[in-house]
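Trainee: Got a structure for you, written out below as C-alpha cells; questions coming shortly.
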Amino acid sequence: MSPYFKLSSALIFLAITMEALCSPIENTSTSNKDNDKETEHIEISAKPSGISRGALGQGFEIHREDLLSKQFEATGEKIFEDLPMDECTVTTTLGTIERDDSFYNSTESLYQSVASSTKISGSLKGAYTLGVSVAAVTNNIASSEEEVQGLSLNLKAYSMSSILKKNCVNTKPLSKDLVSDFEALDSEITKPWKLSSWKKYKVLLEKYGSRIVKESISGSSIYQYVFAKSSQKFNHRSFTVKACVSLAGPTKVGKLSFSGCTGVSQQEIEQSSSQSMIKKLVVRGGKTETRASLIGELDPDQINKFLIEAETDPSPIQYKFEPIWTILKTRYVGTEHFAKAVNLEQFYKGFLHFGCSYLHTTSAENKVAEMQKFDFAKTSDPDAPTYVCKVGPEGCQHHEDCHYRAAFWCECGGPYDLARTCFRHKFKKLKSGLTKKECYPNKESGFAWHGCRLHGLTCWCSAPNRSWEESWSGEDTNNALNDVHQVLMEKKRRDNAQQQY
C-alpha cells in the first residue's frame, strides 16, 4: 500500500469524523406543538423489503418534487452501479403509533418543518428547494406574497427505518453513467455569473438529482392539513377545530382517537363551517388500494384500520436525504475532479437556491451597470473554488445618475431619473425567514450625493463607489474535506516535482 494512499485514507477518515462532530445541530422543533404526543405500541410482523425501503439510494431533484402532499414514488435516478440492500442497510423496527398536531405560525415555520423532517439543511429551507412542496400542501397560497398559518393533525404508524450504511455510500461503485457525466464537467468556470457557463452542471442535476434518499421510514400515516392567510387572523383553536371536522366530518369528530378533537363543541363546529381555509388530506404508506379508498371525510374505524396496516404491509411514509455533492466530494478528494464536486455544491446553493442570477440594467444612453453577479471569492483556490454572490456598489455609476438640486446639492437617481443606474441596497426578508441583500435602481427622492459631486451648478459622478458587497458566500460551505483535498493536492505537486529531478 503506497504512503500516499495511507495518508489520503487517514485524512479522509479524519475529515468525515470531524464533520460529523462539528456539524451544527439543527433545531428539529419545527412548529409549535401545544398538544402532547400520544403514543401506542404495535407489533411489527413485516420484514424489510423493496416495498418498505422504497426509493432508498435513488437520486431526486428535490426542488421539483412534492415532498408533502402525495405518496413519494420510487422513481428516482440510479446513483450506484450496485447497492445490495441486505448488505448496505441497517433496519430498525419501530412499532409505534403517534398522534399529535403541528401548528405553523408562519410560512417560515412550514418551510422549517419540511427541512427538518427530510434532513435538508436549514440554509436550503427556502422557496427554490422546497417551494413545490409548500405550494402543493397550501394550494399555492404560500407561494404568493401572503404569509400563511395553519395546522396539521398527524397520525403516524411507524413500522421500520432503513438507512444506508455510510461505508456503502462511500465505497460502493457509482453508476457508470454518473461517473462519466460527472468527470466530463468543466473544472474551471470562466464566467460563473452566466447561467450558460453552468449548463453541464444543470443538466447533471436535472438527470441525477441534487440528493439521494439516505433513509426510508415505512409504515402508514394520515395528515390533515388546514391553512389560511395570516391576515385572516384565525387562532390555534380555530385551525384545530377545522382540521378535526375536515378529517372526520361534523358528526364523528368526537370519535377520533385524538385528544385535540375530543372536546370540540357543536358551537365550534358551526363556527368552523363559516371559516374559509385550505384543506388537504394526505395519506401515505400502507397498502396502495387502502390509500386509494381514503378520500374525503374518514370514519375513525377506517383510520385505525389503515394505521394498523403498518404491522403487516408498511410502505414509505417519510424519506431523509443526503446531498449528491457530499458523496462526490468524498469519492474524489485528492483528485482533479474534486473541484467539480465543489462547483456543483456552490452552484446549487449560491446560484440556484439563493437566487444569484446575473442582474444588470441599462442607462438611457445604453450604458450597462451590473447589479448582481455570481463570482469567485477573492480567496478562491482553483483546487477547491469558492464563490460569492455580489451586489453592485451603492451610488452613482455614470454621470447621468447625478442631478443638481436647489440649495447646492446633488441627488443620485430619483423619481424623474432616466439613467436608472444609481443603485441602492435593501434587505428583503424571504419566506424562509432568511434575509437577502438586494441591489436596485433608486427611484426615491432625497438620495443625496453617493458619489455625485457638485461642479458649479452641475453634478457629476466624480467619486463613484467601486466596492461590491457580498450577499452570500460559499466559504460557509467549506468543510474539512476541502482542507484534506488541499493537503493531498499539495503533496501530489511536491511528489511530481521531486520525480522530475
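In case you wondered, yes, glycine gets a Cβ from its N, Cα and C as well.
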Trainee: What range among 10-34, 135-159, 385-409 does Swiss-Prot record as coiled coil?
Mentor: 135-159
Trainee: According to Swiss-Prot, which candidate among Cys410, Cys422 shares a disulfide with Cys412?
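Mentor: Checking Swiss-Prot, the candidate bonded to Cys412 through a disulfide is Cys422.
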Trainee: Would you kindly list the residues that approach the domain 'EGF-like' (388-422) from elsewhere in its chain, counting only those six or more residues past its ends and only Cβ-Cβ distances under 8 Å?
Mentor: 350-351, 354, 356, 361-365, 367, 369-377, 437-439, 441-454, 457-461, 464-475
Trainee: Out of the disulfide-bonded residues listed (Cys389, Cys402, Cys412), which are within 10 Å of Cys396 (disulfide bond), Cα to Cα?
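Mentor: Near Cys396 (disulfide bond), where near means Cα within 10 Å, the disulfide-bonded residues are Cys402, Cys412.
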Trainee: Where does Cys396 (disulfide bond) sit in DSSP terms: helix, strand, or coil?
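Mentor: Its secondary structure by DSSP: coil.
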Trainee: Which number gives the other C-beta atoms within 10 angstroms of the C-beta of Cys410 (disulfide bond), all protein chains shown included?
Mentor: 24
Trainee: Just the number: how many Å between the Cα atoms of Cys422 (disulfide bond) and Cys389 (disulfide bond)?
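Mentor: Each residue's Cα considered, Cys422 (disulfide bond) and Cys389 (disulfide bond) end up 20 Å apart.
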